[in-house]
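According to TrEMBL, the protein has these features:
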BINDING   651, 655, 761, 765  Zn(2+) binding site
DOMAIN    12-804  domain 'Alanyl-transfer RNA synthetases family profile'
């Protein structure tokens, strides 16, 4: 049992333990509370999750950001399920591993250092937490000759001065007591406080040997890192000018210590979850047993896995991480669903656990409660998808799970390509080797999407090893082959490899382009567009037709392929990013610095950002002009204001659309992609648990237009990574990596509508919503079960679309009135068909709601017209056959041969089956022509020489038609001729065919008087 109390006292709850830590540093030592960052590391592409308390302060340690306060404390939400810190496989197997945990910490940025940090830590443990110092051991850095670093004797002396016996102050090497952020960067020694969980231990020397040995009853409690060095690129270590302190203490372990529990899972962080699981599954209660051969121990392991995974899933979803964008999260979520079903026979346990998790963590992270509904919606959506996949993939599961003791169907569902990859391995010659070759592993990656994690499982299944070095080599070669995809020129063709390489080499030698000028524009209320002042810039580099040159001489002869790339020291051209297209415009050569008598104007048809340099791709002027442009010359950069105006309006419109949908339909909404051009904007969203109806599209459109009418200001603020974490309701794109500094937060607050848009965005935006003028959704596509792609227009583009829509609506209304009044002409019907065809197949921009409504109305009118014509044809056939039979009695006409002829039937299928059923007393052969097809049907079997099949063959032979019988029918009794396309000789062929059929019937039927 963990027990470290000096005397019996009231057991603190987990909420009180967390609050005590925070209050201690705020009230006693003047620290500022900074709330936990989300577990989504959107400024750090090196990790999939925030896995340490210091992650959000990396930019401060690296000198890229200035701290708002020099003393900070908090409790950070952390995830460890991959990479260097991977606790996943151990979760449930012991009492202290978790996928999600909290890290209590305090930081000093250039303020206090070692002595103060040690004093604060010890004072908190033995004071507010009442932990007996006699149970504590401390470690310090013992030095490293290879690094040229001596032992941290300063730290040793600090602990000795605080009352620790020498036998309790233990030196360790780099592995345990030297912290590094990465291969280069800030680093430093650390000191760890370890706690003895055995209250009856007496020999200090014997217990000291257990420190850092992996002993479960003497473990690390708190780590204090002293960041005082910098690891340089050459491996050397130098002193930092400013020293920092970074400490971290595992909250779950501290809670177990203070609640006198032997396992973190026995604390009040987990026991409420176990009660929920037991209440909803009716299995035996949690017993605290660990893996063994007993069923009860396996059940307790399942309890721990489910509770742990439920906490991680809840936190990740609350922080905006989504299964669609993070396969590791989806894997954990599906593992939890699998455990719920397989071990507790209740797939909905995960949803039942969410409210309890929120309740137990609300005091530390109140923001989680705001996401309660969206968390449940996402879990329910994932449960439905997972359930459907299980049902459709059982055979594949059996193939692999039957051979694996450590895989379940949750793994296989997550690894969609695993089963086919496994089959390929089993069927290849590779299976006879001990090692899976690197090129084969790469093939599995490129074909089935497998990763190194999958390789490990695959190798374990077959008892093989993986050539990961060969895999990485094959992967690097493949990346090199696809390098051309880094950018595209303005004609949408890939830039030539030589141009790319030359530009990369050129820009490496040049300073970054000053591009803050892209945001220098004003709205002209008279012209109703944005004005951008031309920018004077100096030419730093020129690439002319693939060659890096110092100057370009134009002698008036310009080829269509002549392109020039110009790099300047500054630019006001927006380079495509954040979904917004690049600017276009002109680069005007200044005659005062260039060798020319005029001002030649080069069309800027595209821009690229390479090594922080803006590259302007230009077309040389087609008119005859002579000029020389050289490095060092000055040019004027002029933006196409119409294009930029469209871009601005559509980008702000995209934010309003996103916010409107989130406001109207909840927070279980996330952005997948966006596209902003001067002609339209596109926004693809994930809408979990929601199906968008036509009425809701209108509601969304109206909502955006109301926000435009409010003329709400569009606010732009700059933040660094640390500061942005303290902002509420910031919308980010899942999976997007944002810069660490100069983060632009675009905020639109329409209080009257309760609409709030807060997005990180580098694009250009309106200064208030009224400048958008008008908004209209022109298309909506459901791309899969929970994804919708909206297309919309704003400003003048929206006005044009609405005008076209109004004209179409007027004409559709008139046609509908004529239909109701039974005044439709053939021309009107053709117009209706044309309108329907255009709405379905022509790419005409129209309001989506109007397009859909008119399409439905026109389709309905045409359907009713068709039904009317069909009814008339049926009645016509019935009357014609009825009259024919009355005219030709059985006594004089022993068979009927008839061609149904009417212009009204030309566009409608003639029901020959109905015609033949009306004649039950003798053989009948009926022919009709519909939609340029001739078809026939005959019935009645009389004799071996005269039956339906033989009779119809005589007729169909003229048209070379194919005859057939209906399902379950005898061709002797009922026979049909499939529709045959008619020719110009139809009437002549019809007469011949009719004559042949008549002669055949006359000859082979009993002698009779008949005619046709």
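Using the three backbone atoms N, Cα and C, a Cβ is placed for every residue, glycine included.
Projection of TrEMBL feature records onto the structure.
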{"residue": "651", "record": "Zn(2+) binding site", "Cβ within 10 Å": "24"}
{"residue": "655", "record": "Zn(2+) binding site", "Cβ within 10 Å": "25"}
{"residue": "761", "record": "Zn(2+) binding site", "Cβ within 10 Å": "26"}
{"residue": "765", "record": "Zn(2+) binding site", "Cβ within 10 Å": "25"}
Starting from the Zn(2+) site formed by 651, 655, 761, 765, give every other residue of that chain whose CB sits within 8 Å of the mean position of their CB atoms, in sequence order.
578, 652, 654, 676, 714, 746, 759, 763, 764
Which of the three DSSP states, helix, strand or coil, fits residue 761 (Zn(2+) binding site)?
coil
